[in-house]
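Per Swiss-Prot, the features are as follows:
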BINDING   Gln45, Tyr46, Arg47, Glu48, Lys49, Asn77, Thr116, Lys145  4-amino-2-methyl-5-(diphosphooxymethyl)pyrimidine binding site
BINDING   Asp78, Asp97  Mg(2+) binding site
Amino acid sequence: MTKEGKLKLFSTYTIYGMTAEKFSNGRSNIEVVKVMLDSGIKIIQYREKYKSLKEKYKECLEIRKLTEDYEALLIVNDHADLCQMVGADGVHLGQEDLPADEVRKLLGDKFIIGVTTHTKDQVLKAKEDGADYVGLGPVFASFTKDNPHPPIGLEMVKWAAENSPLPFVAIGGIKEHNLKEVLASGARCICAVTEIVGADDIRKKIESLFKILKSFERS
Ligand SMILES: Cc1ncc(COP(=O)(O)OP(=O)(O)O)c(N)n1
Ligand SMILES: Cc1ncsc1CCOP(=O)(O)O
Ligand SMILES: [Mg+2]
């Protein structure tokens with residue numbers, strides 16, 4: 001897939017899957033990713049805060065194989081070196097991670113770079129810094145991340161839908177019960193971490209979320 005083709009995925013009423021083993025009810029990242037891919041998720045972020053870099057490397061290699069089998073993207077959270085070493089499609093960088101413009105110099109143009117944003121200025125700067133997409137959030141209160149930023153709300157999602165020069169992933173506190181509001185505010189790509197990884201039946205949960213997304217796509 002070309003990079004342009006990969007980035008188009010972000011605008012197709014889709015789910016951006018993310019690992020979170022701590023909240024996966026005893027299931028491993030690998031098990032969860034397999035179900036996510038088999039349920040039709042085409043973008044997976046490997047996010048793991050509680051393992052050594054070597055363990056992350058091993059898991060990423062395995063997830064790289066799986067995502068290739070399903071023609072899905074693999075984005076590695078935080079680590080540009082890991083992204084390059086496992087041949088991932090891209091890296092996701094937060095405001096406290098390495099600066100996107102410098103990481104772009106390191107990785108070159110073929111990798112996708114995503115940047116976390118909470119404000120309008122950060123969204124516009126992400127574009128200037130050479131990012132390809134932005135993560136926008138937390139939209140609602142989220143308890144998945146240590147020291148989260150305060151919720152930015154649906155007004156910010158509306159602003160991004162109308163003004164962001166980059167595709168955006170709405171993230172933070174998104175659940176089946178509030179997904180419609182997020183989509184009605186203009187989001188096309190959503191990330192619902194604990195709602196998916198913590199579900200009793202992950203497959204069924206993804207099916208329900210896709211049903212809502214596809215109903216917006218048709219309307
Ligand atoms: C798609 C997406 N959006 C936001 C984040 C958060 O990144 P960051 O602020 O660097 O926090 P950590 O995830 O590293 O704890 C993300 N990972 N992905
Ligand atoms: C990684 C990250 N960045 C902002 S909120 C968040 C976690 C979102 O998790 P949840 O969907 O469980 O609220
Ligand atoms: Mg980070």
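Each Cβ is built from the backbone N, Cα and C atoms, and glycine gets one as well.
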Using C-alpha atoms only, work out the spacing between Asn77 (4-amino-2-methyl-5-(diphosphooxymethyl)pyrimidine binding site) and Asp97 (Mg(2+) binding site) and round it to an integer in Å.
10
Provide, as an integer number of angstrom, the distance between the C-alpha atoms of Lys49 (4-amino-2-methyl-5-(diphosphooxymethyl)pyrimidine binding site) and Asp78 (Mg(2+) binding site).
10
Secondary-structure category, per DSSP, in which Lys49 (4-amino-2-methyl-5-(diphosphooxymethyl)pyrimidine binding site) falls:
coil
Cβ-Cβ distance under 8 Å to Thr116 (4-amino-2-methyl-5-(diphosphooxymethyl)pyrimidine binding site), same chain, at least six residues away:
His92, Leu93, Gly94, Gln95, Gln122, Val134, Gly135, Gly137
Tell me, how many other CB atoms lie within 10 A of the CB of Gln45 (4-amino-2-methyl-5-(diphosphooxymethyl)pyrimidine binding site), whichever protein chain they belong to?
25
Could you check which of the binding-site residues Tyr46, Asn77, Asp97, Thr116 have their CB within less than 6 A of ligand 1?
Asn77, Asp97, Thr116
Where Gln45 (4-amino-2-methyl-5-(diphosphooxymethyl)pyrimidine binding site) and Asp78 (Mg(2+) binding site) are concerned, what is their Cα separation in Å, rounded?
10
Around Glu48 (4-amino-2-methyl-5-(diphosphooxymethyl)pyrimidine binding site), how many other CB atoms lie within 10 A of its CB?
21
Whole number in angstrom, please: the longest C-alpha to C-alpha distance across Gln45, Tyr46, Arg47, Glu48, Lys49, Asn77, Thr116, Lys145 for 4-amino-2-methyl-5-(diphosphooxymethyl)pyrimidine.
16
State the Cα to Cα distance, in Å, between Tyr46 (4-amino-2-methyl-5-(diphosphooxymethyl)pyrimidine binding site) and Asp78 (Mg(2+) binding site), rounded to an integer.
9
Same-chain residues six or more away whose CB lies under 8 A from the CB of Lys145 (4-amino-2-methyl-5-(diphosphooxymethyl)pyrimidine binding site)?
Pro138
Measure from each Cβ of the binding-site residues Gln45, Tyr46, Arg47, Asp78 to the atoms of ligand 3 and list the residues where some distance is under 6 Å.
Asp78
Neighbourhood of ligand 2 - binding-site residues from Gln45, Asn77, Asp78, Lys145 with Cβ under 6 Å:
Lys145
